């Protein structure tokens, strides 16, 4: 048990400090904006300090544990703790949220509510990644949905209400299965405190019941990740959301589904995961091809990037399904890698829209000359998205490939077939990625528009882009910086499996 409540402070600081926004003096949006950025920076620095000085990398067990009685009558506990699996997503959340807050500068309507919702979302995401209690995990999972719905419905495009409604129907529908499974799992055959992760991990279930729990949780995570065919909310949501919200969706929210799949399904329900893993591999392989084939047909720039996210998230599903050290480490690395790349692409798409007021690719063209900085950064992140060697996407996807090939669970021919189909998907990625850059930046279409004068990226946009680009290059050159966080925890998780 931790002697000082570091994690509790980290979880509650954003939402509590965010509540003070409504009491700030009415002197324009500048005070609100800088106050929010300072809170995000303080939270990020506090998180980094805690992990640097109080977290042991070589210990696969839960660290900085906190356990407080919450609701005595129901024996509910406030349990928090971190390990190598959660530390990466938590740091990613702090980094992306801070930059998304900086990116939200153009938002002026209801600025107080907007920034409060971003901070509330911050707390929900940190709470989900650090929860050690099934009920607390569910509460944080749901807490994070409400701000997203409001951010979509109030600061989106013309079809924002449709997109927000579709988002909440999909995610709340998936959460119903989570809500049904958690009480059953927490209360089944145990006299110890219910809902504790450790208690649930040591609990053995009948095979049929474990499969039922697994399938229910899988539906909830398949909506968030997303996994086909439960992905259709994502393109609509990204197409209408403000780009700072898109950064949080692509960078963090999608990763919560993959995290839950590892943390609960894989760690707490190993026998069912061993049964379902071939199906995860098959669905993930289909998803790579499907999303990469669908993306080129999208006229909307942000929808095309959204489908590329669906394709790249499939590598995480495949890595989790491989049940190997290499594959799971590759999946965790892809969670971090795509968090940076996806957030950056949506940010640059949004800044481009702010200048040319166009979102359809067939209406764009020729903006490379008037906006060379945006062109350079967008092209760089497009290269990262198509897994160019030397960047994080290449390392993550390559490790997932090795995880499939070295998996003893699958026969030789299925492994070759899956690898071949995934390779086709990787070939399709440059097609939609490079064609997107060609339609945006090359040609002369926008030069024929009267008064076509466009302002290039300013210091704020350049700063955000470089801050995201540096980790992408850093992880691509030295991936062990991220892998060292999770490697011991991955071995501990896979020790429950017979197929290593």
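Cβ coordinates are placed from backbone N, Cα and C, and glycine is handled just like the others.
What you are looking at is a predicted structure, and each value in this text was computed from that prediction instead of being measured.
Per Swiss-Prot, the features are:
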TRANSMEM  37-57  transmembrane segment
TRANSMEM  84-104  transmembrane segment
TRANSMEM  111-129  transmembrane segment
TRANSMEM  134-154  transmembrane segment
TRANSMEM  167-187  transmembrane segment
TRANSMEM  208-228  transmembrane segment
TRANSMEM  242-262  transmembrane segment
TRANSMEM  305-325  transmembrane segment
TRANSMEM  330-350  transmembrane segment
TRANSMEM  374-396  transmembrane segment
TRANSMEM  411-431  transmembrane segment
TRANSMEM  462-482  transmembrane segment
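Contact between the transmembrane segment (111-129) and the transmembrane segment (84-104) is supported: at least 3 Cβ pairs lie under 8 Å, counting only residues 6 or more apart in sequence. A contact between the transmembrane segment (462-482) and the transmembrane segment (305-325) is absent, since fewer than 3 of their C-beta pairs, 6 or more residues apart, lie under 8 Å. Within its own chain, the transmembrane segment (330-350) is flanked in space by residues 85, 88-89, 92, 96, 99-100, 103, 238, 242-244, 246-252, 254-255, 258-259, 262, 301-302, 305, 308-309, 312-313, 315-320, 374, 377-378, 381-382, 384-385, 392-393, 395-403, 461, 464-465, 468-469, 471-472, 475, 479, 482-483, 486, 490, which lie at least six positions past its ends and keep a Cβ under 8 Å from the stretch. The list of residues near the transmembrane segment (208-228) in space but at least 6 beyond its ends in sequence, with Cβ under 8 angstroms from a Cβ of it, reads 170-171, 173-175, 177-178, 180-181, 184-185, 188, 234, 253-254, 256-258, 260-261, 264-265, 269, 271-273, 275-276, 283-284, 286-287, 290-291, 310, 313-314, 316-317. Sequence-remote contacts of a segment are chain residues at least 6 beyond its ends whose Cβ falls under 8 Å from one of its Cβ atoms, and for the transmembrane segment (167-187) they are 134-135, 137-138, 141-142, 145, 148-149, 152, 194-196, 199-200, 203, 205, 209, 212-213, 216-217, 219-224, 230, 232-233, 236-237, 268. For the transmembrane segment (305-325), same-chain residues at least 6 beyond its ends with a Cβ under 8 Å from one of its own Cβ atoms are 225-228, 231, 234-235, 237-239, 250, 254, 258, 261-262, 266, 273-274, 276-281, 283-285, 287-288, 290-292, 294-295, 298, 331-332, 334-335, 338, 341-342, 345-346, 349, 385, 393, 396-397, 399-400, 403-404, 406-409, 418, 422, 425, 429, 432-433, 436, 487, 490-491, 494, 497, 499-500.
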